[in-house]
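Here the structure comes first, spelled out in structure tokens, and everything after it is commentary.
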Amino acid sequence: MDYLPIFCQLRDKPCLLVGGGEIAERKARLLLDAGASLTVNAPNFNAQFLAWEQAAQLTLIRGTFEPTLLDSVWLVIAATDDSDVNNHIYASANERRIFCNVVDSPERASFIMPSIIDRSPLMVAVSSGGSAPVLARLLREKLESILPQHLGKLAALAGTLRGRVKKRFHSMSARRRFWEKLFVHDRLAQALANEDSPRVQQLTEQLFSAPLEDRGEVTLVGAGPGDAALLTLKGLQQLQQADIVVYDRLVSEEILNLSRRDAERIFVGKASGYHSVPQEQINQLLAEKARAGHRVVRLKGGDPFIFGRGAEELEHLHQAGVPFSVVPGITAASGCAAYSGIPLTHRDHSQGVRLITGHVKHDTDLDWSSLAAEKQTLVFYMGLQQAEYIQSKLIEQRLPETVPVAIIENGTSTSQRVLSGQLSQLSELAQQASSPSLIIIGNVVGLREKLNWFAPSSG
Ligand code: SAH
């Protein structure tokens, strides 16, 4: 270990910063955030420093650096653009055994500043010891994306509960289980994010009174249409907390691999040649696993509330008294439209979108005359098999045969394929496509010529 990471308590402690430019400004911001009593020395200062001085947030000392400025400070940061001056500051600080950071020059510094992810009071610091700052920054960005904004609030809440938890639970392991339950409690997190204090209090009380083993719940998560990067941050966070992931055919391997390595994965979709698990059995499975105390993520392609039977599963959980929450996903219509350059609405061409299941039984038929109305976009899910019927019904209702149509196969993935033509060719195009495919019908499809930007590697 080249450096010992420590977190310094600088509140009201005199600290010195040397430099008055942009880099110094960044360091000043950090020191001010940490509550240091800050003195800044430089011949000239930028406007921000002057504003801080005016607001009495720090003291400016104009002029060149003098070692006596170090006399009463705890630490110093050298942030000038003159390496001789920086050297001089470092040597003087070393003599006095004062910790000194020299910006951009870790080899001449007695402390370095990490990249930080600030979820105060929770703080994560990342450093490569100066050897690969870009790598540290990339890692920071990654952590930034997986650590929810509300974590700070959760940590603060935990701080207020510590005494009570100590009194209530006598063994270390009981306390640990309590904390684990609290930190992965999605509804509590949401209440904190909403600053809904009565709800926070109610959920906290429930946590204290419920048995420690009882931490099961189900989160219905939309995985998006294909490209794993379209999973939401919240979906990712849920996936990483799940003990069990119950998933469908449309969920990509790449997304499944984002779950914890020790999480159990249960496939309930339809594999080729096999029937899918009956819905009733899936409903029961979810309730059973949650009741056994597991955190279950029910992962579905696209958005779980759009032709995903998500509601049916939740109704069952509601009846069974199992707590649940929902994380939306990018539905195939949005994903395929974006990745094929077809805007679903457009001021000149389409004032509305209809998301329709093509899985229609002819006896419970759709209102075809309203579907054939002008200036709207029709999006058929599961429509390949019925393409001929869709085509003939729309033409029968006087939607022009020349209206552009597109079939997007494996949308948003590297194997995306787009077949386009006119309404009169829909059934012919459908014969060339395979599942999963989405049918888009409307004048907006014509914009693809100009707006198509996505060129998948294999397509
Ligand atoms: N809940 C999903 C839809 C499930 S129904 C969602 O919101 O997207 C399954 C149908 O969705 C498929 O038959 C197909 O029409 C469409 N679909 C899902 N993923 C797709 C993809 N990557 N490309 C094209 N169509 C897709």
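The backbone N, Cα and C atoms fix where each Cβ goes, glycine too.
In TrEMBL, annotation is done automatically, which means it is predicted and not curated.
This prediction places the mean pLDDT of the region 'Precorrin-2 dehydrogenase / sirohydrochlorin ferrochelatase' (1-204) at 93. If you look up TrEMBL, you'll see 1-204 marked as region 'Precorrin-2 dehydrogenase / sirohydrochlorin ferrochelatase'.
Note: Ser128 (phosphoserine) has non-local neighbours Leu135, Ala136, i.e. same-chain residues 6+ apart with C-beta under 8 A of its own C-beta. What TrEMBL lists as phosphoserine is Ser128.
Per TrEMBL, domain 'Sirohaem synthase dimerisation' is recorded for 150-207.
According to TrEMBL, the region 'Uroporphyrinogen-III C-methyltransferase' annotation covers 216-459.
Residues or ranges marked as domain 'Tetrapyrrole methylase' by TrEMBL: 218-426.
For Pro225, Gly301, Gly302, Asp303, Ile306, Thr331, Ala332, Met382, Gly411, the entry in TrEMBL reads S-adenosyl-L-methionine binding site. Of all the Cβ atoms in the protein chains shown, 29 others lie within 10 Å of the Cβ of Pro225 (S-adenosyl-L-methionine binding site).
Under a cutoff of 8 A between CB atoms, and with a sequence separation of 6+ in the same chain, the neighbours of Asp248 (active site, proton acceptor) are Val268, Gly269, Leu299, Lys300, Gly301. DSSP gives Asp248 (active site, proton acceptor) a coil state; it is part of no helix or strand. Taken from TrEMBL, the feature active site, proton acceptor applies to Asp248.
Taken from TrEMBL, the feature active site, proton donor applies to Lys270.
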With DSSP as the reference, give the number of residues of the domain 'Sirohaem synthase dimerisation' (150-207) in helix, strand and coil.
49 helix, 0 strand, 9 coil
Mind running the recorded positions Ser128, Pro225, Ala332, Gly411 against ligand 1 and keeping the ones whose CB falls under 6 Å of it?
Pro225, Ala332, Gly411
Max CA to CA distance in Å over the S-adenosyl-L-methionine-binding set Pro225, Gly301, Gly302, Asp303, Ile306, Thr331, Ala332, Met382, Gly411?
16
Neighbour tally for Ala332 (S-adenosyl-L-methionine binding site), based on other Cβ positions within 10 Å of its Cβ:
27
Same chain, not part of Pro225, Gly301, Gly302, Asp303, Ile306, Thr331, Ala332, Met382, Gly411: whose C-beta falls within 8 angstroms of the C-beta centre of the S-adenosyl-L-methionine site? Give them in sequence order.
Gly224, Leu250, Phe307, Gly308, Gly329, Ile330, Ala333, Gly335, Cys336, Tyr381, Leu438
Around Ile306 (S-adenosyl-L-methionine binding site), which residues of its chain at least 6 apart sit with Cβ under 8 Å of its Cβ?
Thr331, Ala332, Ala333, Leu355, Tyr381
